[in-house]
Amino acid sequence: MAASTLPSGLSTNDLIRRTANPHPNVWGYDLLCSLKSPYSRDSSYKERADTLINEIKAMLGAAFGDGKEMITPSAYDTAWVARIPSIDGSSGSARPQFPQTVDWILKNQLKDGSWGTESHFLLSEPLLATISCVLALFKWQVGDLQVERGIEFLKSSLEKIKNESDQDSLVTDFEIIFPSMLREAQSLHLGLPYDLPYIQLLQTKRQERLANLSREKIHGGILQLSSLEGIEDMVEWERLMDLQSLDGSFLSSPASTAFVFIHTGDLKCLAFLNSVLAKFGAFVPCLYHVDLLERLLIVDNIERLGIDRHFEKEINEALDYVYRYWSNERGIGWGRMNATADLETTALGFRLLRLHRYHVSPVVFKKFKDADGEFLSSIGQFNKDVASMLNLYRACELAFPGENILDEAKGFTAKYLREALEKTETFSSWNIKRNLSQEIKYALKTSWHASIPRVEAKRYCQVYRPDYARLDKSVYKLHHVNNEKILELAKLDFNIIQSILQEEMKNVTSWFRDSGLPLFSFARQRPLEFYFLITAGTYEPRYAKCRLLFTKVACVETVLDDMYDTYGTLDELKLFTQAVRRWDPSLTENLPDYMKRCYKIFYDIVHEAAWEAEKEQGRELVSFLRKAWEDFVLSYHEEAEWLSAEYVPGFDEYIKNGITSIGQRVLLLSGLLVMDGQLLSQKALEKIDYPERSRVLMEQICLISRLADDTQSYKAEKARGELASGIECYMKDHPECTEEEALNHIYGIMEVTAKELTKEYLKVDDDDVPFACKKMLFEETRVTMVIFKDGDRLSNSKLEMKDHFKECLIEPLPL
C-alpha cells in the first residue's frame with residue numbers, strides 16, 4: 001500500500017509496503033578495497049607524464065609555428081617536380097630545373113624496385129609512384145638500372161592483378177592518373193603489359209569517370225584539381241589559372257602544380273615549388289601547406305584522447321589560427337593558402353570551432369551540395385569521401401535549433417555511412433588500418449548527446465595509431481598528429497586519473513556504509529553508479545569535492561524518491577513534507593523511525609552542501625539551497641498525491657512538476673557550487689537556474705532528463721500503479737493518439753531540447769558563467785542520456801552499464 005492514507009486501527013508496522021530496490025548493488029566493497037593501482041603509489045608514472053607533457057608542448061610549439069611541417073616525402077610528387085626542364089635559356093631543356101629531386105629519386109628506390117612508402121600496404125600507391133619515377137628518370141636518361149628495376153616491379157605487380165577484386169583501396173584518383181601515365185609510357189615504348197585485362201578495366205573506368213566530368217566541374221573550383229595531370233586534354237589553361245591558390249599551388253599539390261608549370265611556365269607555380277624545396281630539401285610531400293588540417297587533427301586527437309586539459313593554451317592558439325582563415329561562405333582547405341575548400345577540413349573545423357564557442361555558420365556546407373542535393377567532397381574518391389562524410393556527420397550533431405541544413409546533412413551522411421559499411425571494398429586493408437569501420441559504427445550507434453566522455457577517451461586510446469597514415473595520391477604521415485609520445489601520455493594520464501578515482505570510490509563507499517542509508521532496505525542503493533554518473537564526464541582531480549558531494553546528494557535523493565514513490569503513506573509524507581518546508585526536525589516526532597532517520601540524513605546533507613558551497617563561493621547560500629530542496633520535495637509530494645488519487649494530469653501540468661521531481665536541479669547545483677576555483681555570481685546563477693528564467697541550461701537539462709527517464713521507465717511504473725508519465729499524460733490530452741505516437745512526440749521534444757541545450761552550452765560571448773561549470777552540467781547530462789538509453793540502468797544495473805563502469809574506473813590501459 002503506497003502513498004495512501006493509513007486505515008483506521010492499522011499501525012505502520014502492519015502495513016504491507018512496496019520497495020523500489022529490485023536488484024542489489026552489484027559493486028561490492030571488497031572489490032573496491034582490493035584495488036591497488038601502481039599508478040597511485042609509484043611517483044615515476046607521474047614524473048614520466050610531466051616529462052611527456054613538456055615534450056609535447058615543445059613539439060606543438062614547433063608544429064604551430066611557421067617552421068617545417070612534419071610530413072613524409074612523396075615519390076610520386078617529387079618525380080613530377082623532377083620532370084620540370086631548366087628555365088635557364090642558355091642551357092636549353094636538356095637538364096632538370098631541380099636536379100636534387102632527380103638525385104633523391106635515384107637514392108630512394110626500394111629493394112623490390114618500387115618507389116613510395118616502405119612496407120606499403122596499398123599496391124596502388126607504389127604503382128603510381130613507381131611509374132612516375134620511371135618516367136622522370138627516363139626523361140633525363142639517367143638511372144638505367146633503376147628504370148629497369150622499376151619496370152620489372154610494375155610488370156610483376158600488374159600481372160598479379162587478375163581482376164578488380166585483387167586490387168586493394170586506390171590512392172586518390174588512381175583510375176584517372178595511372179592510365180594516363182601508362183599511355184605516356186607506351187608512347188615512349190617502355191616495356192609494360194599494356195593489354196592486361198586489369199589495364200583495360202582501368203581504361204574503361206577512366207572513360208566512365210571522364211564521361212561524367214564536365215569542363216565546368218574541372219574549372220568550377222570543386223572537383224579534380226588534385227588530378228590535373230591525369231586530365232590534360234580537358235584542361236583550359238586560362239580558366240584553370242583562376243583556381244590557383246595564393247601560394248601559387250593548385251590544391252596544395254606539388255605534382256599538380258608542377259604539371260601546370262610544365263604547360264604554362266607560370267612563375268607563381270615556380271615560386272611555390274621553390275618554397276617547398278627550400279623547406280624540405282631534395283623532395284616534396286604530396287600536400288603543402290597543410291597547416292589548417294594539421295592543427296585541426298592535432299586538436300581533435302588531443303581532445304578525443306582526454307588529455308586536452310594539459311594543452312589548453314596550445315589548443316586555443318591552434319584554433320585562433322584556424323579561425324583567422326575561416327570563411328562562413330566557403331569554408332577552409334587543407335592550408336591557409338588554398339583557393340578551394342575541402343569538406344573534410346571544413347567539417348572538422350566547424351565541429352571544433354563550435355565546440356570552443358567560435359561563431360561558425362552551417363551555411364558553409366551549402367557549398368558542398370550538388371544540383372541533386374547530395375553532399376560531396378570529390379566524385380569517385382571513395383576513401384576520402386568516407387572520412388569527409390564521417391566528419392560532416394559528427395559536425396551535424398552540434399546543430400542548433402533552426403539549422404535545417406545540418407539536419408539535411410545528417411540524414412544524408414547517416415545513409416551514406418550505413419551503405420559504406422555494407423560495401424566490403426570500403427574496409428580493405430587501408431581502412432582497416434585506420435579503424436574506420438569501428439569509428440563509423442560507433443558514431444552511428446552512439447549519439448554525441450548520449451555518450452560517456454571517459455569511455456570515449458579510453459576507446460580512442462585503444463584505436464589511436466602512432467603510425468597512422470593518410471591517403472592522397474601518396475600515403476603520407478603527419479608526424480605531429482600521430483606519434484608515440486601523445487599515445488603514451490594519454491594512456492599514462494588515463495591510468496593515473498583512474499587510480500585517483502579508485503581512492504575516491506573507496507571514500508564514497510565508506511561514507512555510504514556509515515551514513516545510515518543502507519538501513520533503508522526499501523530504496524535503491526547505488527552510490528557507485530551515482531559516482532560514475534558525475535565522474536564519467538567530470539574527472540579532473542581538482543573537482544574531487546564536486547564528485548563527492550554530488551554522489552552524497554544523489555544517494556539521499558534516491559531514498560526520498562523511493563520513499564515518496566513506493567514506501568511512505570500519504571499521511572506520513574504530508575508530515576515529512578511539512579518538516580522540510582519549515583526546516584524543523586521536531587515535526588518528525590510523530591513519524592515512523594525510518595522517516596525520522598531519513599529526515600536527519602536529509603537535513604544534514606542539505607546543510608553540508610550549503611556550508612561547502614559557502615566556503616567555495618564566499619557568500620551565503622543556505623537559503624538558496626534550502627529553497628531548491630523545498631521545491632524538489634514538494635514536487636515529490638505532488639506526485640504522491642496524484643498516485644493516491646489515481647489522477648493523471650495533463651501533459652503541461654506533468655512536465656511543470658516533472659522537471660523538478662527528476663532531481664537534476666538539486667543534484668547539479670550541489671556539485672556546481674563546490675567546483676574548485678569556479679566562482680558563480682548571482683548573475684551567473686540566474687543564467688543557469690530555471691526558477692529565475694525560462695529555457696535556460698538547467699531547465700533544458702531537467703526537461704530532457706525527465707523525458708528520457710519516462711521513455712524507459714513508464715511501462716514498469718504503470719505496472720506498479722504509477723499512472724502519471726509523460727507518455728500517459730500526453731495520451732490523456734490526445735485520446736486519439738497511440739502509445740507509439742505519444743512516444744514519437746516525446747522523442748521529438750527531446751530532439752529539439754537537445755539542440756536548445758547545445759546552443760545554450762556553446763553560446764558565444766557568454767562570459768558570466770565559467771565554461772567549466774557549463775561543461776560539468778552538460779557532461780553529466782550526456783552520461784544521464786546513456787543511463788536511460790535502453791532502460792533505467794540506475795534501477796537495474798545492466799551488463800553494459802557494468803562494462804562502462806569497469807572501463808572507466810576498474811581496468812587500466814596496458815602501456
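One is the number of the first residue shown, and numbering goes on along the chain from there.
Cβ from N, Cα, C; glycine included.
In three-state terms derived from DSSP, ASP561 (Mg(2+) 2 binding site) belongs to a helical segment. The Mg(2+) 2 binding site annotation in Swiss-Prot covers ASP561, ASP565.
Per Swiss-Prot, the feature Mg(2+) 1 binding site maps to ASP561, ASP565.
For ASP709 (Mg(2+) 3 binding site), the count of additional Cβ atoms within 10 Å of its Cβ stands at 23 [all protein chains shown]. Sequence annotations record features per position, and here Swiss-Prot assigns Mg(2+) 3 binding site to ASP709, GLU717.
Summarising the annotation, Swiss-Prot assigns motif 'DDXXD motif' to 561-565.
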Checklist entry - Can you tell me how far the Cα of ASP565 (Mg(2+) 2 binding site) sits from the Cα of ASP709 (Mg(2+) 3 binding site), in Å? => result 15
Checklist entry - How many whole Å apart are the CA atoms of GLU717 (Mg(2+) 3 binding site) and ASP561 (Mg(2+) 2 binding site)? => result 13
Checklist entry - Roughly how many Å separate the Cα of ASP709 (Mg(2+) 3 binding site) from that of ASP561 (Mg(2+) 2 binding site), to the nearest whole number? => result 14
Checklist outcome for this item: In this predicted model, the motif 'DDXXD motif' (561-565) has a mean pLDDT of 93
Item to check | Other CB atoms within 10 A, centred on GLU717 (Mg(2+) 3 binding site) | outcome: 18
Next on the checklist: Would you identify which of the binding-site residues ASP561, ASP565 has the most other C-beta atoms lying within 10 angstroms of its C-beta?
Outcome noted: ASP565
Checklist outcome for this item: Three-class DSSP assignment, GLU717 (Mg(2+) 3 binding site), comes back as helix
